[in-house]
Amino acid sequence: MKLFKSADLIRKSKYISRDLSWLRFNYRVLDQAKDPSRTLFDRLRFMSITCSNLDEFFMIRLGSLYNYIDYGKERIDYSGLREMPFRRKLLDFAHRFVNDQSLTYLNELKPQFEKNGFNILRMDELTELELKKADGYFKNTLFPLLTPMVYDSYHGFPLMMNQMLILGVVTRTEAEGEKGQERLTFVQIPQNLSRFFELTRKDKVIFVPIEEIVRANLPKLFRNVDIESANLFRITRNGDFTLEESDDIDVDFIKEIQVGLKTRKKGRVVRLEVEKDASPVLMAVLKERWKIDNGNVFVINSMIDMKGLLQILKHPNFRGKAARQPAPVAPLSLPEGAEDNMFEYLKHHDVLLHHPYNSIDPVVRLLERAAEDPHVLGIKQTIYRLADDSRVTAALLKAAENGKHVSVLFEVKARFDEERNIREGARLEKAGCFVIYGVSKYKTHTKMLMIIRKEGEKVTRYVHLGSGNYNEQTSRIYTDVSLLTTNDVYGHDVSEFFNVITGHSQPDDYEYLITAPKDMRQQLIHLIREEIRNAKKGLPSGIVMKMNSLEDKEMIDEFYKASKAGVPIRFIVRGICCLRPGRAGLSDNIEVRSIVGDYLEHSRMFYFHHGGQPKVYAGSADLMVRSFDRRIEALFLIVNPALKREAINILYFNLKDNQNTYLMREDGAYVRRIPAPDEPVFNVHKEFYHRHYAAVSESSLYDEWLTRADVQTDNAASNEGPPLTAPDFPTDAEMEDAEMEAELATFNSTTEEDLPGGESPQDV
């Protein structure tokens, strides 16, 4: 009875599971790969992204869950499930996704390869001449890099690297006319080579997976033995390591990071991908060795690790075949020619940049000029992620070489960029820059730059604040907003902020900044409650927010209170959303949408109607527990009236989109928004290239959107498409019913041997 009562509580939960919400986000990315209106090459790009996303999900999110399971710590998900039931639920969702992913590849993408000028072929599909070339590649390039690693009573189980393709080879030797003992050997496919060997067949390009070339040539590695089977597999290890940081200023952050990186390379296996019909001998060894069950095993019917598809897009024959990105346009607030003398222009004007529609070049060039300018005294900057061969690093090195004071906070805890940031920080330190490798207990995620320049008898602070990284590469595909200004208030706030993160200063208040972990959550709640008070008084009220993720329970509860008070709320959330919109009596006035398309929506913007005098913030923070409590973040108030109108227009255009938008239903599922019959097509990823002052001045979030009733998340709404996921993809309620059945079955029949890590049935 207790279990069924638990199922009822789960159905009534006010919150959506963070991890299940993330998996639904990856479905929206997969939906782009299914879109027949896109070119095949565009669809392959999205398919590779779904694979990359899923890799990170298993490494970090499932890895984090296993940290709780393996160490016996309690973790109750937003859905209400404890560790082991939630693990099963997550893996069930993931299996459904991978099956859909494989079917999309096999049935929708692969049949189009030939007519688009290429194909992916096995060795037995090659001509005799092509086989000769492939065998030559094996002999000259692959063979010297291969190291067979046998596993038997004389040889220990080899360490296998995370996400590396591996062939598990079962062999047998003849012994006096009888079959000898089976032996298992592992052959790791080189990671430092291209995934495909390329051939030309008439007017087509043939891509041969290098693992197939190795498989066909295994007799050259295993001489005078019988090869019974050779199966390809790939493992994903737990990549979620937690640093035990202290307040001791002598703690060596870099050594801690480096230790963590080593654990990532040999952490617990959380996923095994293997091709179908794999050898029972191989599977028995792998499952026993890594203490995994069938839930962790993903039988792949298509292609293991589809990230390799990006090689096709980079081939000279197909460059430009994916969706072409238009050239950036000039910012509305930066007239043509003004960039030639940015120092002079910024003394009198603020500039709002909206990337990638506006290039990041004005920021990078300003930094490069500052490095050479004899009047510049110093540069201070926070760095989270950088591009390869970064112009930002080069400019900072040049500034130090020219005798300027350069202070840089390099966040060495930026996931998957730790090694790069340690390396780049060391280069700057060697050049004489003052480098801080993160702040104890917190991850510095904020994006800030300040250039201090002596101008006559005064010093002017040139400030850049943004939502995106100082990365010239990702700025071309991530949507972000940033501000360039010499306004003294921003300058004072940013100076105080740098004193906080480089020293021990604790300022009372900022005027234009809201920061975490200081009091960001409290200040945002205060702004929400102002809207509640206005709504209760019958005054205009409204909230529009754009972010990557919405997960913090305290914030969600405040939004529910605002909805009950009659405040219209519109969220544009790209990924995780733990809030349930449209639930009667709880969130009737809340709408959630997600935009997934040509660009990755990365900007964070927060609009409060504020009695008709809107307050608009932008910055680095999502509404997540980690952003408020475990990160150093900053939101900046946009005070310039013209720039505020631009920011409002950005939100307005996002709400108006009907080509890349998915509407979230109360049960957590998403449906694609389809234009009404009389509604003009509006693609937000194209319209920003044609934006003009007239459009900006005409935008009004309150009049046009906060009072609208025709954009609903009801499944019968005329502007919704069919449900996004496959017909057999269950709703939350169906999953909960199945989960409770599984719990009962597990409770009645599970033995310790069935559970990874040796958990007992009562721990489920």
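Cβ coordinates are placed from backbone N, Cα and C, and glycine is handled just like the others.
These numbers come from a predicted model, not from an experiment.
Copied over from TrEMBL, here are the features:
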- 15-120: domain 'Polyphosphate kinase N-terminal' (DOMAIN)
- Asn53, Tyr478, Arg574, His602: ATP binding site (BINDING)
- 133-312: domain 'Polyphosphate kinase middle' (DOMAIN)
- 341-506: domain 'Polyphosphate kinase C-terminal' (DOMAIN)
- Arg385, Arg415: Mg(2+) binding site (BINDING)
- His445: active site, phosphohistidine intermediate (ACT_SITE)
- 513-674: domain 'Polyphosphate kinase C-terminal' (DOMAIN)
- 713-764: region 'Disordered' (REGION)
- 731-742: compositional bias 'Acidic residues' (COMPBIAS)
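Known features from TrEMBL, placed on the structure.
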| residue | record | DSSP (3 states) |
| --- | --- | --- |
| Asn53 | ATP binding site | helix |
| Arg385 | Mg(2+) binding site | coil |
| His445 | active site, phosphohistidine intermediate | coil |
| Tyr478 | ATP binding site | strand |
| Arg574 | ATP binding site | coil |
| His602 | ATP binding site | coil |
Between Arg385 (Mg(2+) binding site) and His602 (ATP binding site), what C-alpha distance do you get in Å? 14
Relative to the mean position of the Cβ atoms of Asn53, Tyr478, Arg574, His602, the recorded ATP site, which additional same-chain residues have Cβ within 8 Å? Asn548, Gly575, Leu600, Glu601
Let me know the model's mean pLDDT on the domain 'Polyphosphate kinase C-terminal' (513-674). 96
Have a look at the binding-site residues Asn53, Arg574, His602 and say which one has the shortest Cα distance to His445 (active site, phosphohistidine intermediate). His602
CB contacts for Arg385 (Mg(2+) binding site) [other CB atoms within 10 A, all chains]: 19
Count the residues of the domain 'Polyphosphate kinase N-terminal' (15-120) that DSSP assigns to helix (H, G, I), to strand (E, B) and to coil, and report the three numbers in that order. 81 helix, 4 strand, 21 coil
So Asn53 (ATP binding site), by the Cβ count within 10 Å over all chains shown, scores 17
Cβ distance under 8 Å to Tyr478 (ATP binding site), same chain, sequence separation 6 or more: which residues? His355, Pro356, Gly468, Asn469, Tyr599, Leu600, His602
Give the number of CB atoms, excluding that of His445 (active site, phosphohistidine intermediate) itself, located within 10 Å of its CB. 23
Which number gives the other C-beta atoms within 10 angstroms of the C-beta of Arg574 (ATP binding site), all protein chains shown included? 22
